[in-house]
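Asks: What follows is a structure written as structure tokens; I'll ask about it next.
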Amino acid sequence: MEKKIDEIDFEKAGGIVPVIVQDNNTHEVLTLAYSNRESLELTRKTGLSWFWSRSRSKLWQKGEESGNTQQVKKILVDCDQDALIYLVEPSGPACHTGERNCFHHSLL
């Protein structure tokens, strides 16, 4: 069932929702980011991953500086309509450190 952007609950977390980014082919979790309404609209319009930077308080496109873009193939919405999954085809590493994903440290 396709959802509309108006159905996403951006207000629960102050105008943003968490976005889990997964590789479309392997389903490996690549990163966790945040989206506001505008970045979600840009993602749907361009087919590339756009997010809201909480630390810089601005929109950013994944790969705009590094070239490691993410082609978004599907966007999933959770049952509470307050979290998203982007299924992507990455053109390079997801992490700014150069690692394939941002989850390369273990606690257990």
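Keep in mind that glycine also has a Cβ here, set from the backbone N, Cα and C atoms.
As listed in Swiss-Prot for this protein:
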type    : residues             : note
BINDING : Asp78, Asp80, Asp82  : Mg(2+) binding site
BINDING : Cys79, Cys95, Cys102 : Zn(2+) binding site
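Please situate the listed features within the shown structure.
Replies: DSSP assigns Asp78 (Mg(2+) binding site) to coil, not to a helix or a strand. Note on Asp78 (Mg(2+) binding site): other Cβ atoms within 10 Å of its Cβ, all shown chains, come to 14.
For Cys102 (Zn(2+) binding site), the count of additional Cβ atoms within 10 Å of its Cβ stands at 17 [all protein chains shown].
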Asks: How many other Cβ atoms are found within 10 Å of the Cβ atom of Asp80 (Mg(2+) binding site), counting all protein chains shown?
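Replies: For Asp80 (Mg(2+) binding site), the 10 Å Cβ neighbour count is 9.
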Asks: For the binding-site residues listed here (Cys79, Cys95), tell me which residue's CB has the most neighbouring CB atoms inside 10 Å.
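Replies: Neighbour-count leader: Cys95.
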Asks: From the centroid of the CB atoms of Asp78, Asp80, Asp82, the recorded Mg(2+) site, which same-chain residues not already listed sit within 8 A by their CB, in sequence order?
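Replies: Apart from Asp78, Asp80, Asp82, the close residues are Asp9, Lys12, Val17, Val77, Cys79, Gln81, Ala83.
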Asks: Fill in the CA-CA distance, Cys95 (Zn(2+) binding site) to Asp82 (Mg(2+) binding site), as an integer in Å.
Replies: 24
